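Okay, structure first, notes after.
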């Protein structure tokens, strides 16, 4: 059966654990699995600009023995002169998987309904699930476990990282708190979905408008840019509500002494996170970025073996 990875809860807790175990193995032995030997191809489509996503997927596909066919969404007919369902059906005749970084989750869902190969969400407006796999791999390395950790995300609770951290985090048994200012809460649909999944794993989901309360005793502090791609012209009016949610030394002091700091990058230093914290000993930001490579390779291997 074809499996897609469009949102974090597309993997069950057991399946997520399988992918993370494989990611750890592939980090130790990068060329031990070659399911794309041939080479076989993976379509990698970008409607949004990318650095880490592009480099990590291209290199990962190469290490798996395959060839990445990388295209800019603007240079294709995606959703313009044929339906996305038809595009998914056609691309499935050429490649073994489709990786897509897009502006709209519904576009991924539409293409998946017509595709007969796995489709991977490399980022959408609602979710960033590959990033959260890398985050979880990083936490497992640093903490030696996932279940029972207390993770708080600070900033825009309505963005894709907050949604994916909720869904992916509770799938791993992590207690997730979203600390966000008024008006920037997570989508209630995804809060409900995360709480349903949390009921299976013994995790919890909490929302707070108090950054200090969110940091108190936390094992993991996560943040992301306050201004996502496409919001650059919103100016100071957008930034102002987030200032109390900056991850800085004072906030980190409230967390567990062995707390880990994550940021998916790119970071706006001096805004959502300070230099002192991102470059400090509790930061795992650059390990986290590296683990995009290993986690995504593991995901592709897992999906291809499910076909």
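Even glycines carry a Cβ here, placed using N, Cα and C.
Remember, it's a predicted structure, so these values are computed and weren't measured experimentally.
Listed features, source Swiss-Prot:
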- 50, 51, 52, 53, 77, 101, 128, 129, 130, 131, 264, 265, 292: carbamoyl phosphate binding site (BINDING)
- 160, 224, 228, 229: L-ornithine binding site (BINDING)
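On its own chain, residue 52 (carbamoyl phosphate binding site) has 265, 289, 292 as residues at least 6 apart in sequence with a Cβ closer than 8 Å to its own Cβ. Taking all protein chains in view, 17 other C-beta atoms sit within 10 angstroms of the C-beta of residue 50 (carbamoyl phosphate binding site). In three-state terms derived from DSSP, residue 52 (carbamoyl phosphate binding site) belongs to a helical segment.
For residue 128 (carbamoyl phosphate binding site), the spatially nearest entry among the binding-site residues 160, 224, 228 is 160, judged by CA separation.
Here the candidates are the binding-site residues 160, 224, 228, and by Cα distance the one nearest residue 264 (carbamoyl phosphate binding site) turns out to be 224. A Cα-Cα distance of 15 Å separates residue 160 (L-ornithine binding site) from residue 50 (carbamoyl phosphate binding site). For residue 160 (L-ornithine binding site), the Cβ neighbour count at a 10 Å cut-off comes to 24, with all displayed protein chains included. For the pair residue 224 (L-ornithine binding site) and residue 50 (carbamoyl phosphate binding site), the C-alpha distance works out to 15 angstrom.
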